[in-house]
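Engineer: Handing you this structure, nothing more for now.
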Amino acid sequence: MLETLRERLLSVQQDFTSGLKTLSDKSREAKVKGKPRTAPRLPKYSAGLELLSRYEDAWAALHRRAKECADAGELVDSEVVMLSAHWEKKRTSLNELQGQLQQLPALLQDLESLMASLAHLETSFEEVENHLLHLEDLCGQCELERHKQAQAQHLESYKKSKRKELEAFKAELDTEHTQKALEMEHTQQLKLKERQKFFEEAFQQDMEQYLSTGYLQIAERREPMGSMSSMEVNVDVLEQMDLMDISDQEALDVFLNSGGEDNIVMSPGVEMESNPNQNEMSLQIPSPSESASQPPASPSACTDLDTADAPLIQSDEEEVQVDTALVTLHTDRKSTPGVSDDSDQCDSTQDI
């Protein structure tokens with residue numbers, strides 16, 4: 001292809017030069033034909049000069065165009081050379097591609113064999129993975145059994161140690177219980193003896209005073225509430241009651257005053273010896289909360305006294321007050337059965 005292009009360029013150049021030659025020959029023939037043959041004429045130098053200058057200009061333009069064509073031909077030649085080199089490279093690459101395409105069937109066969117080997121390897125890998133998982137399960141079971149055995153041994157040792165500690169603690173508790181039981185029994189016996197002694201002394205004092213004076217003056221011999229006898233001795237609830245109704249209290253005062261005048265007539269010596277500032281004995285009815293919270297007092301103790309200026313109460317009047325107090329106490333116990341039950345329980349525990 002390039003050779004034909006070069007041949008065409010050379011033929012164009014030859015045609016161009018041959019055309020120039022023919023033009024020059026025709027111009028010469030025209031000059032020769034244009035001369036008159038019959039009558040000679042004088043040469044005109046100015047016309048020749050113009051014609052020569054015209055020819056020179058034409059030849060200069062032709063030479064310039066020929067040079068431009070030569071430069072363009074050289075440029076085209078260089079481009080053609082570069083194009084030929086490029087096409088040579090492309091031809092070599094096409095040849096290589098053709099050779100590689102010819103090798104494709106063999107490559108496909110190799111790929112098929114590789115795929116088959118990969119499938120076989122995949123199956124073998126799955127089998128190995130299953131075997132490894134089974135081995136891991138076996139190892140885990142062995143480790144679990146070993147851990148179970150260790151924990152069982154540890155549990156047995158812990159049970160033995162705790163059993164020994166429990167036996168020692170039981171023995172210690174048994175010794176402490178026996179010791180405390182002995183101490184409790186001893187203290188209970190001491191309390192019972194002291195209580196019996198206190199009752200005997202109180203009863204003896206009451207009997208002596210009653211035999212000497214004919215009435216009981218309990219307020220003078222009242223123990224403090226914080227003493228042992230007032231806190232631990234079971235006291236009759238009748239000695240802690242007080243008549244809270246004002247009308248009943250006034251009627252009782254009138255009755256007691258009338259009874260006191262009779263007693264003054266019967267025993268004037270006793271009235272002179274008694275202190276006029278002494279308070280009369282009153283029966284206080286405790287509320288359920290107070291009866292549950294207050295500790296029992298001694299059997300010879302009584303409640304607080306009312307205002308002074310009242311005569312002392314004789315034994316006959318005490319029986320009247322006790323009867324009225326029993327009625328009120330019976331009604332209170334019916335209304336509050338829990339308090340009486342608590343007092344009975346306290347009495348039973350103290351008797352024990």
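Any Cβ shown, glycine's included, is placed from N, Cα and C.
The following feature annotations were taken from Swiss-Prot:
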type	residues	note
MOD_RES	Ser11	phosphoserine
COILED	88-176	coiled coil
REGION	173-325	region 'Dysbindin'
MOTIF	243-256	motif 'Nuclear export signal'
REGION	267-352	region 'Disordered'
COMPBIAS	274-285	compositional bias 'Polar residues'
COMPBIAS	286-301	compositional bias 'Low complexity'
MOD_RES	Ser315	phosphoserine
MOD_RES	Ser340	phosphoserine
MOD_RES	Ser343	phosphoserine
Engineer: Under a three-state reduction of DSSP output, how is Ser11 (phosphoserine) classified: helix, strand, or coil?
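Structural biologist: Reduced to three states, the DSSP call for Ser11 (phosphoserine) is helix.
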Engineer: If you count Cβ atoms within 10 Å of the Cβ of Ser11 (phosphoserine), leaving out that atom itself, what do you get?
Structural biologist: 10
